[in-house]
Amino acid sequence: MDKVIYPGTFDPITRGHEDLIQRASRLFDQVVVAVAANSGKSPCFSLEERVEMARAVLAEYANVEVTGFSGLLMEFTRQQQAHVIVRGLRAVSDFEYEFQLAGMNRSLYPDVETIFLTPSEQYMFISATIVREIARLGGDASKFVHPLVAERLYEKRKK
């Protein structure tokens, strides 16, 4: 069975993430959305909140599983017995970092391939960082995220 890992912080999960996951779900038998407990970032939402939102947003996809993880992505990939990682590239500026990361990952676990997908045109400009900033400043981020996520962003802003 072909299993792919789609890692990210998903803080929050956006329509762009959904687009890539939906497309990956057509290419692979199983997609594991790996929500990182990234210690290098200060997320707006807790790991548990991010996992819960992603599960709710992606519930319609029978071959998509959402799980949180901490530590090295390659160790998680090994534990999942997966051999492919999918990453999204929105712009050329994403490529250099992702290319370096893919090379480092390959040096740690040579059996794992990294595949890059570009988002559909209408999602190329969406980033979770920008979505959070729009919401934080009182703007309407609802067209960039699932309604559940938009509601959670609104609730965060009120606090």
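Each Cβ is built from the backbone N, Cα and C atoms, and glycine gets one as well.
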Same ATP site per Swiss-Prot - residue from E96, E98 joining T9, F10, H17, G88, L89, R90, Y123, M124, F125, I126, S127, A128, T129: E98
R87 (substrate binding site): nearby binding-site residues from T9, E98, M124, I126, A128, Cα cut-off 10 Å: E98
Largest tally of Cβ atoms lying within 10 Å of a Cβ, found at which of the binding-site residues L73, M124, A128: A128
The one of H17, K41, R87 whose CB sees the fewest other CB atoms within 10 Å, among these binding-site residues: K41
